[in-house]
């Protein structure tokens, strides 16, 4: 099983670009940069897209331009157009339950209250069995503060940790294609930015 679509979740527009909720898009932006495959807006897929080759595999990159809670529209449209199955999709998203500086791969599971994941599961026919890259952003400590927290910008010290985890996640994504998911997961899950 090869990954054919890598998605980075975000809200569109300059006012959201540096917010924690856009951590998934930061990862896809970095992959596109590392592999010299600039993202271009493609309205028919409701997002910015690019095409990369990893170890001979053709992979699409996607950052939806819909708002977060409508991410499934972009993912579902692209998956349907290219006949990509849920287990061939990797969705990168911000994760409240991991601290900044940590990122983890995961297959399947619920949406954990994440509206982007919720909409993707729905638009994939209620199938949650896609891969996720959970990018740790930490938790404000009070569930009533979550919305303001994810839509806020991390302080410089936290941003540095998040960026380092995303950099390691990009390297581990390439390792996944070279040596398999088990090896990539083992390496990523032992990483913690200091």
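Placed from the backbone N, Cα and C atoms, the Cβ positions cover glycine too.
Feature list (source: Swiss-Prot):
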ACT_SITE  21  active site, proton acceptor
BINDING   16, 67, 69, 115  tRNA binding site
SITE      11  site 'Discriminates between blocked and unblocked aminoacyl-tRNA'
SITE      94  site 'Stabilizes the basic form of H active site to accept a proton'
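Locations of recorded Swiss-Prot features on the structure.
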residue	record	Cβ neighbours (10 Å)
11	site 'Discriminates between blocked and unblocked aminoacyl-tRNA'	21
16	tRNA binding site	17
21	active site, proton acceptor	22
67	tRNA binding site	16
69	tRNA binding site	13
94	site 'Stabilizes the basic form of H active site to accept a proton'	27
115	tRNA binding site	17
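Same-chain residues that are not part of 16, 67, 69, 115 yet have a Cβ within 8 Å of the Cβ center of the tRNA site turn out to be 11, 21, 66, 68, 70, 71, 116. Within 10 Å of residue 94 (site 'Stabilizes the basic form of H active site to accept a proton'), as judged by C-alpha distances, the recorded positions found are 21; the full candidate list was 16, 21, 67, 69, 115.
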